[in-house]
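Written below as structure tokens is the structure these notes are about.
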Amino acid sequence: MGEITNVMEYQAIAKQKLPKMAYDYYNSGAEDEWTLKENREAFSRILFRPRILIDISKIDMTTTVLGFKISMPIMIAPTAMQKMAHPDGEYATARAASAAGTIMTLSSWATSSVEEVASTGPGIRFFQLYVYKNRKVVEQLVRRAERAGFKAIALTVDTPRLGRREADIKNRFVLPPFLTLKNFEGLDLGKMDQANDSGLASYVAGQIDRTLSWKDVKWLQSITTLPILVKGVITAEDARLAVHSGAAGIIVSNHGARQLDYVPATISALEEVVNATQGRIPVYLDGGVRRGTDVFKALALGAAGVFVGRPVVFALAAEGEAGVRNVLRMLRDEFELTMALSGCTSLAEINRSHVLTEGDRLRPKPRL
């Protein structure tokens with residue numbers, strides 16, 4: 001395999017190892033995939049304003065998320081069906097997150113159940129939730145996540161219908177026959193049938209509740225005491241509504257560019273959302289993070305932390321648990337180096353003055 005020096009190098013290895021249908025499912029975005037490219041490219045247009053001659057002999061990257069202390073502001077995003085990538089699937093990801101002292105978010109559409117992931121040992125875990133038409137199923141899922149020791153719900157709100165993922169349509173995507181959506185076993189909801197286009201799109205059309213609205217955030221709060229993160233916010237208007245609805249936090253996300261194409265990159269939408277919340281609830285970023293420099297840029301623009309998705313799945317496909325551990329280690333090391341070279345010794349010191357965005361460069365400069 002040769003020496004892996006950054007998380008992006010795992011993608012080529014995953015492409016060689018995985019069946020085409022599985023690789024395309026993890027890798028592809030919606031329609032023209034403009035937002036998929038933009039999620040990465042937008043980071044490259046943000047520049048640093050590093051400060052010098054600061055004692056950076058001790059650097060503290062620890063932080064708290066919803067009151068839980070973690071080793072760094074880098075967490076694992078929910079990614080579905082991880083056993084397509086590696087036989088250990090979500091087990092390996094959970095163990096790697098725990099070893100790194102950070103949070104794993106388990107997808108509703110996992111190929112390991114909440115109970116199975118809990119059985120891997122201690123760790124701080126969040127549960128990503130889609131709201132099904134059958135609300136009893138949702139209640140059951142939430143109860144099981146609570147019993148299994150999960151600490152928060154990441155309510156995904158940008159998927160009333162599945163985006164048009166043309167690679168999945170071409171491949172007639174369906175879960176391999178030896179796998180099921182484990183959280184729904186015994187409910188006749190764990191199987192995904194072959195369809196004329198994408199089996200997942202047909203599954204979503206049949207099961208996911210299109211009537212989902214802000215009142216359902218209140219309903220969810222009525223059935224659980226777990227804090228609820230609203231995942232899928234990219235505008236100031238929705239950020240204010242999330243605050244008003246009593247959300248514990250916001251995850252700025254465009255679903256890995258897999259839903260509506262031609263929406264902004266999450267890093268481009270971040271500052272608008274942060275400003276709209278006025279510091280009342282924490283805002284996290286999900287999408288496009290591939291470097292420690294990306295993590296720093298997100299924090300400088302107001303994020304309280306970031307979630308990483310595709311790099312975890314590609315590393316899982318390449319090297320199992322060791323790959324996921326390596327991704328977290330590399331991102332951590334790069335982030336620490338970025339802090340040092342920017343003159344920051346704690347997360348509290350990272351602020352807006354450390355970065356220059358496109359908007360900043362277009363504004364007239366004040367006379368010094």
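Quick reminder: no glycine exception, Cβ is built from N, Cα and C everywhere.
The shown structure was predicted, so the numbers you read here are calculated from the model rather than taken from an experiment.
Sequence annotations record features per position, and here TrEMBL assigns domain 'FMN hydroxy acid dehydrogenase' to 1-360. The glyoxylate binding site annotation in TrEMBL covers Tyr25, Arg165, His255. Among the features that TrEMBL reports, FMN binding site is placed at 78-80, Ser107, Gln128, Tyr130, Thr156, Lys231, Ser253, Arg258, 286-290, 309-310. The annotation active site, proton acceptor is assigned in TrEMBL to His255.
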Cα-Cα distance linking His255 (glyoxylate binding site) and Thr156 (FMN binding site), given in Å to the nearest integer: 9
If you average pLDDT over the domain 'FMN hydroxy acid dehydrogenase' (1-360), what do you get? 94
So of Pro78, Gly288, Gly309, which of the binding-site residues has the fewest other Cβ atoms within 10 Å around its own Cβ? Gly309
Maximum Cα-Cα separation (Å), residues Tyr25, Arg165, His255 listed as binding glyoxylate: 13
Taking each of Ser107, Arg258, Gly288, Gly309 in turn, which of these binding-site residues have a Cα lying within 10 angstroms of the Cα of Arg165 (glyoxylate binding site)? Arg258
Around Arg258 (FMN binding site), how many other CB atoms lie within 10 A of its CB? 22
If you measure between the CA atoms of Arg258 (FMN binding site) and Tyr25 (glyoxylate binding site) and round to the nearest Å, you get 10
In angstrom units, rounded to an integer, how far apart are the Cα atoms of Ser107 (FMN binding site) and His255 (glyoxylate binding site)? 12
